[in-house]
């Protein structure tokens, strides 16, 4: 592909990309009123955005539901921390290694898992992820440092760094040619990767390769009959999506040089699926929105505790207040996962297309839905009866 | 030889638990065609039925004795358990047998939970893709486990077994060997026997009752059974309830072996899914066979001799078997030809 080819985007795509970049880069500004404009959270926004975008390439385009994506995240994190320990605190080599290694890992797992489809694929990926998790906790302890998690140590060799920079006291912080990768610079570093990741996804969505993947999702048998061997395509999608997860894992290690096995647990994979579904599977920006919403509300909800609630509902009469606080305390703080689970059940039941479908439904509602008759009928078709 | 026999026994109780959960999972998949990720949560709910019953039975009345002061100068507390004051020795026995008694509590509770779950949520997902079924039941599992966590806390709650079953049986002696060669905890034997009885009962129910016959017919060809004029949906709902009960009682009886906590269900779910896949999706004998087989295999893999050869094998053996089975014989050990085989 020549230089021009890469940038020959449709006007719509270009607008989306520009708007997306502005929104991402301006996060520290527009998150102020929401009280979420502090670096740790925004770094998470960017990292989980990358993760969800990558997962969407696989699930959104091909329809293969992987329940083992957290394994790639873990591999990325471990690789990055090891690169820090052995070579240099510069994040670039760490990320390169993280992406390559998680890509190889995805190639291995994908090669086996993609021989099956549907629920069998989900269970195979789940089995592989659980295997990695169990091994990371037990036999691979020399590499992963087991339950404690892999950390930087003062005695690490750091071959490249020690050649150029004098050893300082204390643990080093990852730095990009002198800029420390924490706080706001850390966020912008991650944000650039998010935008880059978004751009690549856009290109994949618009490419013949993306069309092929969508064909596989809608009818794999027909694709086979037309003479396509679908497996190389799905495998490529799987590997790309694994590399995104590896990149996200690497960035986690860059912003906080620590890797633990719990990152690979299957509930972590479930969280990735959740983000993608909540935002909107198969859409470009949906997964990012999903990731942001979940991370934002996780942050808000888990910071609530009884005293905050008492303040909040202080205006109510005593008896009622006690009851309301008791009830709501189930859903906040420690119980944040309950809220998450409920929201998830509701979204899958009523709005399988996630936030993006909700948005579309609302716009069709207001524009009268003229000319969208087919689409609307289809939307009504997929809609199910209320659960209660 | 003794060591091998002992490992074989060791696998039986875990295998029993796998088989019971996998049985319910398969029953639901075979009848309703739903992949239920919340099935592990039902196992966990059953275990917490046992916890609840014990809590109720051991409720205590506290009387302050002003005459006798403790070393801190506060009145001594005299705690008496209500059941014991009411029923005397019989009450003590009630507390002692709280775990098996919890089955009586678990059956109605799990039946209601199962039917409500099926009617309330899962019935809307029959005609939707498997991926969405997985997702919605996954969400449901999170909800259930978080509710339990809210009421019972995050720590495991140990449940004692009945005191006269707490010891170990010297099976070696029974088989004419020297004492102390094969010693095996009684409760594990009880669990194995219990799982065999429950599995036998479920199979007998399906095989020898008219209700079971209709259900089997429905599993083979749902539409035709519907055309004859039988309300097959109602029976399938009942089967979901039955599956929930089986998972629940399996959870109740497992509590003395493993103190239940809120993520017990999730831990078992992944393994049982693997069991179901190995046995063959939709095949009930397959689920049982694979359950026991993998339980025993896991126990063999955790022998020190084997771990010395392949380190870490005990952690991954089940998944490894599943991967091999899926690649070599995707329909599973006893799966019907063509079921989910693509």
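Numbering starts at 1 and runs along the chain as displayed.
Cβ atoms are placed via backbone N, Cα and C, with glycine included.
Between the stretches A:158-185, A:186-213, TrEMBL puts its transmembrane segment entry on A:186-213. Range A:92-112 is the one annotated as transmembrane segment, of A:92-112, A:302-322 (source: TrEMBL). The stretch in A:45-72, A:186-213, A:233-252, A:272-293, A:336-355 that contributes the largest number of Cβ pairs under 8 Å to the transmembrane segment (A:17-38) is A:186-213.
Annotation: stretch A:45-72 has the most Cβ pairs under 8 Å to the transmembrane segment (A:272-293), among A:45-72, A:186-213, A:233-252, A:336-355.
Between the transmembrane segment (A:45-72) and the stretches A:119-140, A:186-213, A:233-252, A:336-355, the greatest number of Cβ pairs separated by less than 8 Å involves A:233-252.
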